[in-house]
Amino acid sequence: MLVIFLGILGLLANQVFGLPAKNAGHLYSTENPPEEELGFWCTYMESCRFCWDCEHGICKNKVNESMPWIIENSYLTTCAVSRWYDQCMYEEGNAKHYHTMDCSNPVPHNRPHRLGMKIYEREDL
C-alpha cells in the first residue's frame, strides 16, 4: 500500500515540477521541446536558446523569472533534447557536446556556460 502511495505521489510531483513522467513517451531529438516540458529542460541546461525570448539582442528567460536579463551572446547555445525511457539527453552547439542524465534524477549542466553570461544592465534614462 505504501509503495502504491509513493508511486502516485511521485507522479504528482512530476506534474507539479514539470518533469517528464516515465510514461510520457519518447521525445525524439528536437530543438523545440513541448512547451509544457520547458520547465524541466531549461532548469538543467539554462543556456539552451529555446529557453530564452530575445529581442534586439536582449534576452529574458522563459521559465525562470529570477534569472537576470542577458545580452545575447555565445552563452546561448543551440540545443537539441531527447528522451528515451528514463534517459534525457542534451546535444549542444555545433561541436555536438552531449549531456546525458536520468530523467528521474536530473543533474544540472549550467556551470560551464554561466562563465560566458553577460548580464544586461539598463542605463539610467
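Placed from the backbone N, Cα and C atoms, the Cβ positions cover glycine too.
According to Swiss-Prot, the protein has these features:
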- 1-6: topological domain 'Cytoplasmic' (TOPO_DOM)
- 7-27: transmembrane segment (TRANSMEM)
- 28-116: topological domain 'Extracellular' (TOPO_DOM)
- Asn64: N-linked glycosylation site (CARBOHYD)
Integer mean pLDDT for the topological domain 'Extracellular' (28-116): 88
Asn64 (N-linked glycosylation site): tally of other CB atoms within 10 A of its CB: 13
